[in-house]
Amino acid sequence: MADIACDQKVGPEVIPEATELSKVAVDEAAALPKGTIDPVYEAKARVLNHAIQEIGMGWYQWQLFIVVGFGWANDNLWPIVTSLILPPIASEFNVTRPPFLTLAQNIGLLAGAMFWGFGCDLFGRRWAFNLTLGVTAVFGMIAAGSPNFAAIGCFAALWSFGVGGNLPVDSAVFLEFLPGSHQFLLTILSIDWALAQVIATLIAWPLLGNLTCSETAKTCTKSENMGWRYFVITMGGISLIEFFIRFVCFTVFESPKFHMGKGNDEKAVEIVHEVARRNGKTSTLTVEDLKACEPAGEIIQQQTDTTAAIKRNLQKFNLAHIRALFATWKLAFSTTMIMIVWAFIGLGYPLYNAFLPYIQATRGAEFGDGSTYLTYRNTLIIAVLGVPGCLLGGAMVEIKRFGRRGTLSLFTILTGVFLYASTTATTSDALLGWQCAYNFCSNILYAVLYAYTPEIFPTKDRGTGNALTATANRVFGIMAPIVAMFANLKTSAPVYTSGALFIAAGLIVIVLPFESQGKASL
C-alpha cells in the first residue's frame, strides 16, 4: 500500500479527458514551491485515502451520511428561525431597526465558521462535530427567555456561532471517511437543507400563527406573543435531540487524518480497521505503510505540533495556491467570476429570504389579509416547493449541451425575474404564487452551485477556491441587513435590489469558461 500511495505520480495520463484546466492543474502541481506543505503529512494522507477507498462505501459511512445531514439541516434551519421570528419580535419590542437581528446572526455565522473551521485541527473533528449542535441547542433554548431586543440579538449571534461550524466541520468529517467514488453524496446532502425549511415552517405555522400579536395590533405584550418563544425552544429541542443522537447513539470516530497529523499513526490505523470492521470488511493498512512515508536518513520530518496543525489549515490561504487559481487568463477569469457570483448571491439571498415573513406580513396587511396565521401558512407552502427543486436541479445538470452552467444560469436569472414579478402582486394569493416560483428556482440554483463550484477548481487548490467563494458569500451576507435597514423593508426596494443581484449573477454564469459536465473532477 505504501508503494502505491507514497510513490504516486501526478501526470496527464492519469486524468481522463484532460482539458486545459486539468493540464494547468498538473503543471501547477509540479511547480509548487518547496516548503509550502508538510510533505510527510501529504504522503501519509494519500495512504489513508487509498485505505478508505479500499474499504469502500459501507454501513459506517451511510450512518455518517445521516448524522452529517443534521449539520446541513441546521445550517438552513436556524437562519430560517431568525427570519420567522422577526415579525413578532419587532412587534413585541417595538423595534425600529429589525434587520439588526439578522446582522447579529450573520456575524455569528462568520465567527463560527472561522473558529470551528480552524479549531477542529486543534481539538479534533469529533468534538467539533458534536459541540456545534450542542452550542446551537443550548443558546437557542436560552434565547426564548430574552427580555428585550438586545438580548435576543446576542443569543442569535451565539446560536449562529454554533451553526457556522456545521458545514466546514461536517464536510471535513464526512469527506475524510468517504471513498472518492462516493463524493457525489455531498451534493445529495442538500435535500436536508431544503427539508429543514419545511420542518421549521411546519412547526411555526401553529405556534406563530396562533400565539402571535396581530400585525395590525397597536400594542403587543409578552403574554399575547409567546409563539416565537415556544418556537425557539422547540427548534432548540430538535437540535438537542440531534446532538444526543450524534453523541450517544452513534459513535463518531475521530478522523484518522487528525491522529496522523498529531503523529499518532497507530491510532489512525486502528480507526481505519474499526471502520472496515463496521462495514464487514478488512483493511490491509498497517502502521508500517504510514512509516514508509517518512524518508529515512533525511532531515524532513512530519510536523505534529499544534503550530503545524494550524499551519496546515492555513494552507487554504497559501499564496501559492491562490496564485495557482490565477495562473492563466482563463483560470483567473473563471475564479474571479465565480467569486462574484457567490458574492452577489450572498447579498441577494438573505436580503430577501431573511425578511420574507416580514415582507409577507406587511404586504398582506396592505391587501387586507395580513393575519399571522395566513403569513406562516403561506411560508410553509413556499418552503415545500424547495424540496422538488433540489431534486430537479440534480437531474437537469446531466442534460447534454445544457449542463451545470446552463441550469445554474437559467434558474439564477429566473430567481431574480420572479422576485421582480412579486412586486406586481395586488393580492396575497398572487404574492404567494410568485414567491413559490422564486423558492423553487432558488433551491435549484443552490443545489447546482454547491456541486459546480468545487468541480471547476483543480484538486490541489480546491480548498483555497472553496474558501475564497465562501468568504465572499459570508462577507456580503453581513452586508444584507445593513442594506435592508437603509432600503426600508416596508417598501419594494430590498426586493428590487435582490432581484437585480440574482439576474446579474445569472448573466455572469453564462460567460464562465468551464463546463464540468461529463468530465472527471480534477
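Glycine is no exception: its Cβ is also placed from the backbone N, Cα and C atoms.
Taken from TrEMBL, the feature domain 'Major facilitator superfamily (MFS) profile' applies to 64-517.
According to TrEMBL, the feature transmembrane segment maps to 100-120 (among others). Residues of the same chain lying 6 or more positions beyond the ends of the transmembrane segment (100-120) and with a Cβ under 8 Å from any Cβ of it are 78-79, 82-83, 86, 89, 127-129, 132, 149, 152-154, 156-165, 167-169, 172, 258, 310, 313, 350, 354-355, 470, 474-475, 477-478, 480-482, 484-485.
Residues annotated as transmembrane segment in TrEMBL: 127-144 (among others). Long-range contacts of the transmembrane segment (127-144) within the same chain, counting only residues at least 6 positions beyond its ends with a Cβ under 8 Å from a Cβ of the stretch, are 70-71, 74, 78, 81, 112, 116, 119-120, 151-152, 155-156, 158-159, 161-163, 165-166, 169-170, 173, 229-230, 232-233, 235-237, 239-240, 242-243, 246-247, 252.
TrEMBL lists 150-177 (among others) with the feature transmembrane segment. Same-chain residues lying 6+ beyond the ends of the transmembrane segment (150-177) with a Cβ under 8 Å from its Cβ atoms: 52, 60-61, 64-65, 68, 71-72, 74-75, 78-79, 82, 89, 93, 100-101, 104-117, 119-120, 125-126, 128-129, 131-137, 139-140, 142-143, 183, 185-186, 236, 252-253, 255-257, 275.
If you look up TrEMBL, you'll see 184-208 (among others) marked as transmembrane segment. Non-local neighbours of the transmembrane segment (184-208) in the same chain are 65, 68-70, 72-77, 80-81, 84-85, 88, 171, 174-175, 178, 227-228, 230-231, 234-235, 238, 372-373, 376-377, 379-380, 382-384, 386-387, 389-391, 394, 443, 446-447, 450-451; each lies 6+ residues outside the stretch with a CB under 8 Å from one of its CB atoms.
If one looks beyond the transmembrane segment (228-253) by at least 6 residues along the same chain, the residues whose Cβ comes under 8 Å of a Cβ in the stretch are 63-64, 67, 70, 73-74, 77-78, 81, 84-85, 88-89, 92, 126, 129-130, 133-134, 136-145, 159, 173, 177, 199-200, 203-204, 207-208, 211-212, 271, 274-275. Sequence annotations record features per position, and here TrEMBL assigns transmembrane segment to 228-253 (among others).
Here TrEMBL flags 331-352 (among others) as transmembrane segment. Using a Cβ-Cβ cut-off under 8 Å and counting only residues 6 or more beyond its ends in the same chain, the transmembrane segment (331-352) has close neighbours at 21, 24, 79, 102, 106, 324-325, 359, 412, 416, 419, 438, 442, 445, 449, 453, 456-457, 465, 468-470, 472-477, 479-481, 483-484, 494-495, 497-502, 504-505, 508-509, 511-514.
The annotation transmembrane segment is assigned in TrEMBL to 380-399 (among others). Only residues 6 or more beyond the boundaries of the transmembrane segment (380-399), in the same chain, are considered here, and those with a CB under 8 A from a CB of the stretch are 80, 187-188, 190-191, 193-195, 197-198, 200-202, 204-205, 356, 406-407, 411, 432, 435-436, 438-448, 451-452, 517.
For 406-425 (among others), the entry in TrEMBL reads transmembrane segment. Outside the transmembrane segment (406-425) by six or more residues, the chain places 341, 345, 348, 352, 363, 393, 396-397, 399, 431, 433-435, 437-438, 441-442, 444-445, 448-449, 452, 492, 495-496, 498-507, 509-510 with a CB less than 8 A from a CB of the stretch.
Under the heading transmembrane segment, TrEMBL lists 431-453 (among others).
The transmembrane segment annotation in TrEMBL covers 465-487 (among others).
Positions annotated as transmembrane segment by TrEMBL: 493-514 (among others).
Within the model, the domain 'Major facilitator superfamily (MFS) profile' (64-517) carries an average pLDDT of 82.
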